[in-house]
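Asks: From Swiss-Prot, here are the annotated features:
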BINDING   Gln163, Lys341, Arg370, Ser371, Lys392  (2R)-2-phosphoglycerate binding site
ACT_SITE  Glu205  active site, proton donor
BINDING   Asp242, Glu289, Asp316  Mg(2+) binding site
ACT_SITE  Lys341  active site, proton acceptor
Amino acid sequence: MSIITDVYAREVLDSRGNPTLEVEVYTESGAFGRGMVPSGASTGEHEAVELRDGDKSRYGGLGTQKAVDNVNNIIAEALIGYDVRDQQAIDKAMIALDGTPNKGKLGANAILGVSIAVARAAADFLEIPLYSYLGGFNTKVLPTPMMNIINGGSHSDAPIAFQEFMIVPAGAPTFKEALRWGAEIFHALKKILKERGLETAVGDEGGFAPKFDGTEDAVETIIKAIETAGYKPGEEVFLGFDCASSEFYDNGVYDYTKFEGEKGAKRSAAEQIDYIEELVNKYPIITIEDAMDENDWDGWKALTARLGDRVQLVGDDFFVTNTDYLARGIKEGAANSILIKVNQIGTLTETFEAIEMAKEAGYTAVVSHRSGETEDSTIADISVATNAGQIKTGSLSRTDRIAKYNQLLRIEDQLGEVAEYRGLKSFYNLKK
């Protein structure tokens, strides 16, 4: 009854109006699952391959018909007859079918769409929520959200090198309250920007993208918004950055002029670490992502030695949700946290392996969206299923972001008294 009878993919659009895949999995019992695949703007060079058509006459070359065809003509044929509940076997079968180290033949987008749809079909067959199916009976931790309320770098036209400026309502008693705090700060920020005559249009991830005078102007404006909303920076609400520094790193230089023009500095790795430390000393920063370039291993190790006890240092482009890179980071003492993006690696099985490896090493795992998202809310379920404790899924606007928050509200409601919001305790990698 739980045997797969059909797998079908179609091309749909993501939140940027670019094509992506939607995959449906059908079973003998009528149980059904659907998965949609996100896409990034700033991508790590070691990520699994997102297969695009390259036909410039169609969607500017970004079409996904090749990946769709790979699902409908190759993957479907291989998976029909599998038990939908055997996630690991199905994921491993697709990896073997692809046969490349980076899923470059079939496309990580094709494989991931199927992987998500299979999990959803299994949960539907068992008539249990997705988070319960993926996580089992000990599923209870609601994630502390990192809310990207100012967009810079490759996610906006704002003249700021850092890609994301986030608020982290770690002092809230519940997820529901954390979300309320975030929304109130978001609206306070909008009002402040209007009063300053700055733009209130939002970027790819729902945050504002005004023309600030620089990084510190952005940070101080966020702190003002936190206080205006009635919360205490550094006690109730903390700050986070995604530097996305690989976007402005070139030949050993962190070149801020790429995004900031003449005002921008050019820093060596040592100067970059000094600058990050200055910001940490000055502001209530609890988490920083990709502060160093994805290939600057010496820089990462030096940064971690300097700040690893005080602030969460998250590897995104640095680790690309890949256990090979994470294992090296753990061994060499580089970073203390991994960002988890399902499409960086391409299957749920490999995603869960990365989260497990991080936890065993005392690293945190932050489940994350991509800048090109859909209404699919699977990452909300993954964050709870794994008790990851942290999620990064954008600002308090745009339905593609809110879909994940609303799903977490549902899950918290369903869990009832069992639900646990750990707040600051989710940052168990910090010693000070």
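In case you wondered, yes, glycine gets a Cβ from its N, Cα and C as well.
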Asks: Hey, how far is Arg370 ((2R)-2-phosphoglycerate binding site) from Glu205 (active site, proton donor), Cα to Cα, in Å?
Replies: 8
Asks: Counting distance between Cα atoms, which of the recorded positions Gln163, Glu205, Lys341, Ser371, Lys392 is nearest Asp316 (Mg(2+) binding site)?
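Replies: Looking at Cα distances from Asp316 (Mg(2+) binding site), the smallest one goes to Lys341.
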Asks: At its widest, how many Å does the recorded (2R)-2-phosphoglycerate site span between Cα atoms of Gln163, Lys341, Arg370, Ser371, Lys392?
Replies: 17
Asks: For Asp242 (Mg(2+) binding site), write down the residues of its own chain that are at least 6 apart in sequence and whose Cβ falls under 8 Å from its Cβ; none is a fine answer.
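Replies: Counting only residues 6 or more apart in sequence, the Cβ neighbours of Asp242 (Mg(2+) binding site) under 8 Å are Asn148, Phe162, Gln163, Glu164, Met166, Ile288, Glu289, Asp290, Val314, Asp316.
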Asks: In whole Å, note down how far the CA of Glu205 (active site, proton donor) lies from the CA of Lys392 ((2R)-2-phosphoglycerate binding site).
Replies: 10
Asks: I need the CA-to-CA distance for Ser371 ((2R)-2-phosphoglycerate binding site) versus the residue listed as 'active site, proton donor', whole Å please.
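Replies: Their Cα atoms are separated by 6 Å.
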Asks: In whole Å, how far does the CA atom of Lys341 ((2R)-2-phosphoglycerate binding site) lie from that of Glu205 (active site, proton donor)?
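Replies: Cα-Cα, rounded: 15 Å.
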Asks: Give me the count of other Cβ atoms within 10 A of the Cβ belonging to Asp316 (Mg(2+) binding site).
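Replies: By my count, 30.
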